[in-house]
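Quick look at what TrEMBL lists:
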{"type": "REGION", "residues": "1-24", "note": "region 'Disordered'"}
{"type": "BINDING", "residues": "Cys35, His39, Cys57, Cys60", "note": "Zn(2+) binding site"}
Amino acid sequence: MGSGNAIRGSRVGAGPMGEAERGEAAPRVRVPFWCANMHETRPSFASDAAVPEFWDCPRCGLPAGQDQANPPAPPRNEPYKTHLAYVKERRSDKDGAQILAEALERLRSSSRPIY
Ligand SMILES: [Zn+2]
């Protein structure tokens, strides 16, 4: 694996066998991917490149797979988590405001002259 990466990395320039102009001559394949929302995306890969199992949907960001009938499940935690975090944030904001108000009230009353 490590050596494979090294070879790939050194390929950026001219290849050892005088490969033809980069990109242009390399045959490409378009591989369709579908996400859970049935968005289809067809990134193209060099025909000798390893096609990844999953591809991020450019439209909604969910992982997309090559099996249209069985797209990868969306990471369930994410949307809920962010939503919950948002709600929590708002709630704690409210709490914070209340705590602040109480503290101010206490401060005010304590700084009030005592009769
Ligand atoms: Zn999508």
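Each residue, glycine too, has its Cβ placed from N, Cα and C.
The Zn(2+) site, placed at the center of the C-beta atoms of Cys35, His39, Cys57, Cys60, has further neighbours from the same chain whose C-beta lies within 8 angstroms: Trp34, Ala36, Asn37, Met38, Thr41, Pro58, Arg59, Gly61, Leu62, Ala64.
Other C-beta atoms found within 10 angstroms of the C-beta of Cys60 (Zn(2+) binding site) number 12, with every protein chain shown included.
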